[in-house]
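Below is one structure, written out as structure tokens, with a few remarks after it.
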Amino acid sequence: MSTVVLLLVTGLGLGAVYFLVSSGLSLIYGLMGVLNFAHGAFLTLGALIGWQTASLIGAGTWAGFLLSLLIGCLVGALLASLTEFVLIRPLYERHIEQVLVTVGLNLAAIALFEGIWGTDPVYIDGPAWMGMTTDILGAQTPNHLFITILIAVLVLVGMVVFLKKTRYGMIIRAGVENRSMVTALGIDVRRAFTLVFMIGGAAAGLGGVLASHYFGYVSPMLGGSLLIFAFIVTVIGGLGSLPGAAVASLLVGVLQQFTNYYWGFGDFVVIILLAVVLLTRPAGLLGRKAVATA
Amino acid sequence: MSTTASKRQEQLNTRERVKASFAPPPAGTGPSAGRSSADRTGTGRRELLGGALAVAGVILLALLPLLNIHLPGVLPSPTYEPGALQLMALCLLMGAAALTYHLLIGVVGLLSFGHALYVGAGAYVLGILLERTGMGLLPAMLVTLAVVVILANLTGAVALRVSGIPFAMVTLAFAQAGSVLVRRNPRGATGGEEGLSLNTDQVPALLVGVSNSRNLYWLALAVLVVIYLVVRWIQSSRAGHLAAAVRENENRVRVLGLKPYLAKLLIFVVSGTLAGCVGMAHLLLQSGAVPKTVSADFTISLLVMVVLGGVGSRWGAVLGGVLYTLLDQRLTVLAQSEVIGALPAVLRVPLSEPLFILGTLFVLVVLFMPGGLAGWVRRLSTRFGSGRGRTEDPVRVLEQAA
């Protein structure tokens, strides 16, 4: 029983990290039709600079940890909006080229990070409490998982409130639904593009800092493998669907943990799940029927 | 009297011309159909010229190991020495790999992120067969080929059920599964992160060792030429035309009663199989297989090569592959040079990362040189007359992809 609980909570923690990365991917794809390969770079830079900030103040202090979250979030948002403004915008409506630009940016950025921070992973610590465990039904659960899950839930709630209750949120939702109609109504969707990139980048930066605590290290390679799973999560959930990303994140995270523990091939199960979902529901779990053929 | 006759003749000519312009184009001429005869002879001459240039280029490349050419900065040593031969052979193989990727993105318009799987499968399956069984090189290669064909059929059949970005994701996932498998090192078969070194017991002595770099270079050249010819043949076949039509307008092909799925699958399998052949040659050339050949990064570098060269252009893909590999290898050497080492950190750090330079170059090409090298040449030839419409516009081919 205690093993099951432990696996469930670590799975939820992993799912929370996946959600932070894939929510941005999904929103960006939904609104702009761009699969953002540079998302891994946003995440990695957030994690690296967040960790540097924390170690300046003191990695073991709460102030350091909270500031690293804030800085990681800001760095991700800044890099993402810069990317949209400088690289994506000039290629308006040319989706494949937009994807290619993000591929190139990811290559260049990760190489640059390796040049600056080196290729070796750096093992990190948070505040002492995060390294300790709490007893849940007999399972010794690491405390950092609770923070990760809590933040992911807050981000989800924040995003939903933003999308449902604010004017810009409505524009974004309308844009995902039918972009040309929004443009025809005289609303400048491009401002929403930058906004979506900023939100996605902020979530990814946050995800980067939390992922570095989840895995216990930072390295320029952090984004690479996480990005592939985030892609898979996004497609399983349905491209463009925020609730889909949330459901698929939890499903994939928990499934991966359980199969890894009992049979040791969690990565394969996720890939099989992707194949099955796409063959039975090509639009993903919660995606709309007609997938945009961008 | 004579004037009426000539007038009548003229009328007849006009009528014939109009009729000719409405007549359906001869079957099987595909995208080039419906051109005037003057254009066609021009195309014929140009094709002849292109063919002659290609033959001359191949002969020159074949002679390189016998010549003593210094290209300081480009090649590490004179062309007859093993260092340069290894590098040139690698460039040719990557050109061939890019050509197989061209079949996907440039012909059928499929954006695959899992092409590395087939290159890696070719290298690893052959390596494992040579290591674990006493098979000779040729039988082992045939078995590997069969394995790659089956693998490409299975994965392609599943992945092609969806299209666009979901297709890209499914192929990415399959390649990721291969990558995980190779890194897991099941029963010590793949050597994990270390890679698998080539067991040379069954490999002819002609293809082993540094002293035989020349033969390996010729092998790489032969692989490139054969793959080029196969790709050319496929593209000019009925299946190739059907595939190009699927890229341009899939619904229209379906309305005509043809099956886009089968055409796509055929090209996918051919492309994967050829990639497997490149993988086998890569194993022999590098005397080993490394997990990098199965990684998503490798597929992305293939994509970068094809886009640099110009999507939809065969020679563009080859040139892109050669240039990318050359830059990647030489920039790595440059990064360790004293010139770079003496620079202040702000310049030294970015310049000592080859992938940073390549990635930036790639972004710049996408932003400012749409259509890559082939697109640039096309614009030049349009500006100076005659070249219009002969080749497909890479910018358009790219937009039709995925």
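Cβ atoms here come from the backbone N, Cα and C positions, even for glycine.
Because TrEMBL annotations are produced automatically, they should be read as predictions rather than curated entries.
Marked as compositional bias 'Basic and acidic residues' by TrEMBL: B:7-19. The feature region 'Disordered' is assigned by TrEMBL to B:1-41. Marked as transmembrane segment by TrEMBL: B:48-71, B:83-101, B:108-130, B:136-155, B:216-234, B:261-285, B:300-324, B:355-377.
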Task: Cβ-Cβ under 8 Å with the transmembrane segment (B:108-130): same-chain residues at least 6 beyond its ends - done: 97, 100-101, 137, 140-141, 143-144, 147-148, 151-152, 155, 159, 163-165, 167-176, 178-179, 182, 189-190, 196, 198-199, 201-203, 243-244, 246-247, 263-264, 267-268, 271-273, 275-280, 282-283, 288-289, 291, 293-296, 298-300, 302-303, 397, 400-402
TODO: Kindly say whether the transmembrane segment (B:261-285) and the transmembrane segment (B:300-324) touch, using the definition of 3 or more Cβ pairs under 8 Å where each pair is 6 or more positions apart.
DONE: no
Open item on the list: Could you check whether the transmembrane segment (B:48-71) packs against the transmembrane segment (B:300-324) - three or more CB pairs closer than 8 Å, residues at least 6 apart in sequence?
Closed with: no
TODO: Go through the chain and flag residues at least 6 beyond the ends of the transmembrane segment (B:83-101) whose CB is under 8 A from any CB in it; none is fine as an answer.
DONE: 61, 64-65, 75-77, 112, 115, 119, 213-214, 216-217, 219-221, 223-224, 227-228, 231, 271-272, 274-275, 278, 281-282, 285-286, 299, 302-303, 305-306, 309, 314, 317-322, 324-326, 329
- [ ] Could you tell me what the rest of the chain brings near the transmembrane segment (B:300-324), counting residues at least six beyond its ends with Cβ under 8 Å?
- [x] 91-92, 94-99, 101-102, 105-107, 111, 113, 115-116, 224, 228, 231-232, 235, 358, 361-362, 365-366, 371-378, 391-394, 397-398, 401
